[in-house]
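> One structure is given below, represented as structure tokens, and several questions about it will come after.
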Amino acid sequence: GKEKIILKTLDIERWNLECEFNNLDHHTDLNGADRLIVRRGQKFTISLYLRSGNYQPGLSSLDCVVETGPQPSEENGTRASFGLSAVIDTSRWSAAVTSPPGNTATLAICSPPDAPIGRYTLTLGQSGRIEFILLFNPWCPGDRVYMDDERSLEEYVLSQDGIIFRGSAKYPVPTPWNFGQFESGILDICLKILDMNPKCLKFPGKDCSKRGIPTYVSRVLSAMVNCNDDKGVLLGRWTNNYDGGVSPLLWRGSVEILRSWDRQDCLPVRYGQCWVFAAVACSVSRALGIPCRVVTNFNSAHDTNSNLVIEQYIDEKGALMKSREMIWNYHCWVENWMTRPDLKSPDFNGWQASDPTPQEKSHGVYCCGPVPVRAIKEGELTFKYDAPFVFAEVNADVDYFMKKADGSQSKVTYTSTVGQKISTKSVGSDAREDITHLYKYPEGSDEERATFEKANHQNKLLQQQEQDQGLHLTIKVGSDIRKGCDFDVFAVVTNNTESQKKCRLVFGSCAMSYNGNVGENCGFKDLLNVELSPGAGEPIPLRLNYSKYGGLITEENLIRLAALLLDYSGGQPMLALRNIVLDNPEIKVRILGEPKENRKLAAEITMQNPLPEPLEECCFSIEGANLTVGPGEDAKVKIYFTPTHSGLRKLVVDFNSKKLCHVKGYRNVIIGK
């Protein structure tokens, strides 16, 4: 008969997790090398030092058990037991010794590419337990977040700083942001966010078993970055009163926000607005290994009743009346990269929009997405999750009505363009990439019409048949409108008819916040007799003085211009709107000396005061990934910092004073070894 082989269990005295080698191999080295952080679907190796006996292929055995979460179970995929195989199997948990026989053994271990992410323990026979963290792996073709372009991975997973676009559609303003996903302690905080989510607190075993599904994780993050239903990270506030917290404009990065939330025992950090919510979601996604980018949609609609129409009301002077449905000057969300096997068609793999700003509830919770960007473009509104809301943000119509003093109302002619210049930072550069074409077909195209038919967007279909009127009204502004200056803006009225026209023009301006709320009047004129010859165009100026607007505008530097034209011979009133952003002064950053890692460096920072009055209580502050900042002799002009890692880094500078605040500047610095 056959001889029975008795396997001898490896007698392990100690081990080395080879963190430096493994973390580098798994693109987690920026987290440091003091613990093992690996990605799923890819092998890692540890060195075993044997107390007695040697490793013998085919004769040595080792029972391995991996577990994650508070209730590990094999049926939930949160526990697996396996022995030594001849070779690694990348489709399941497996282990193999890859070194020749001897008293040390190199043990290779691999997880399946769909394993739940999180903290794991690995038990090696009777010898002891190893702890490690497992993350999503966008470098692994078997992982749902796989991305096959190295430059994109560098940008959307590994880059610790970026640019978020704010301002207006006509004038997108780049805002530097420090995502800092590899800074000390951030990964632990990101895992804590998953652990504090209500689904985990209620059904921990079930929640942990779903952490291998990127759609599930990104939906959890979309709910947990705001605190509206849970122990989430940020509290939103859209008034100009930020008592008891920090103005959203003061944040320069996600690190301080995440650390504050962790320090104060999961109490929400005050305060966030859309770009802050999106930036924090981006930091957490990248930290966990999901490729992510922040996206800005200019002229973004907030449709509360899902009819794809935003109804706005103005009074007889063209001033906007309060309404729950708004057009935001811009709105930011994130896109995460993943496949969508739940949607049965590979056409909807790729970028998925997900929005952590609390606007409307989805299945009873303030979260939104992930929904395939392609589904928005095609008008597929039944696709999970929240397609109708995102579709409206980029496609809704705006109808304006004028409410008269006697209580009657009439429709106003207004050409609206919701969903403009959808923007994100380019791969490998600070330039703006326009991704509007990923969300919508060209205006007026057959494909656009087919999309509206599929989405049942009746208003848009009717509108495409309406003809142009004879009078035309637009607002024009100069190129150089700086905060602190007086300047003119123009309402341009053109008469395209054959006859003489007599009109009334109401032209006003008011302070506004980026989410569409309007404030005090900054300048106004009401012309009762504007006469226009056939074919003539008349630019009518409105002077905006700093002495008037300076004390009214918010920290966003936004002014809303509205022109209302009433034709005495009949026809609908016409409305033209334009939001303008006043330029802040430029901050200049000059690096003194050669930047090298772990060597103290000085930067000279200069900024010219643009206001016709002195600035008091001035303060410069800086932030950047892998920088430790020490105070200089004169911190207002010269700042000292020490880069701790080599490579390209953004040095983000923020200037604040009583009259002029949240002026941002940045400088890309290449740090040598």
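Even glycines carry a Cβ here, placed using N, Cα and C.
Here's the feature list from TrEMBL:
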- CYS274: active site (ACT_SITE)
- HIS331: active site (ACT_SITE)
- ASP355: active site (ACT_SITE)
- ASN395, ASP397, GLU443, GLU448: Ca(2+) binding site (BINDING)
- 266-358: domain 'Transglutaminase-like' (DOMAIN)
> If you measure from the CA of ASP355 (active site) out to 10 Å, which recorded positions from the list CYS274, ASN395, GLU448 are inside that radius?
CYS274
> If one measures from the C-alpha of ASP397 (Ca(2+) binding site) to the C-alpha of HIS331 (active site), what distance in angstrom results, rounded to a whole number?
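Just about 17 Å between their Cα atoms.
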> Applying a 10 Å Cβ distance cut-off over all chains shown, what neighbour count does ASN395 (Ca(2+) binding site) have?
23
> In whole Å, how far does the CA atom of ASN395 (Ca(2+) binding site) lie from that of CYS274 (active site)?
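Each residue's Cα considered, ASN395 (Ca(2+) binding site) and CYS274 (active site) end up 19 Å apart.
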> Nearest to CYS274 (active site) in three-dimensional space, by Cα, is which of the recorded positions HIS331, GLU443, GLU448?
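Checked the recorded positions HIS331, GLU443, GLU448; minimum Cα distance to CYS274 (active site) goes to HIS331.
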> Rounded to a whole angstrom, what is the C-alpha distance between HIS331 (active site) and GLU448 (Ca(2+) binding site)?
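Cα to Cα, HIS331 (active site) and GLU448 (Ca(2+) binding site) are separated by 23 Å.
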> According to DSSP, how is the domain 'Transglutaminase-like' (266-358) divided among helix, strand and coil residues?
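Secondary-structure breakdown of the domain 'Transglutaminase-like' (266-358): 21 helix, 40 strand, 32 coil.
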> Which one of the recorded positions (CYS274, ASP397, GLU443) has its C-beta surrounded by the most other C-beta atoms within 10 angstroms?
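Answer returned by the neighbour count: CYS274.
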> Just going by other Cβ atoms within 10 Å, which of the recorded positions ASP355, GLU448 has the emptiest spot?
GLU448
> Across all chains shown, how many C-beta atoms besides its own are within 10 angstroms of the C-beta of HIS331 (active site)?
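HIS331 (active site): 28 neighbouring Cβ atoms within 10 Å.
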> Give, as a single whole number between 0 and 100, the mean pLDDT over the domain 'Transglutaminase-like' (266-358).
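That region's mean pLDDT is 93.
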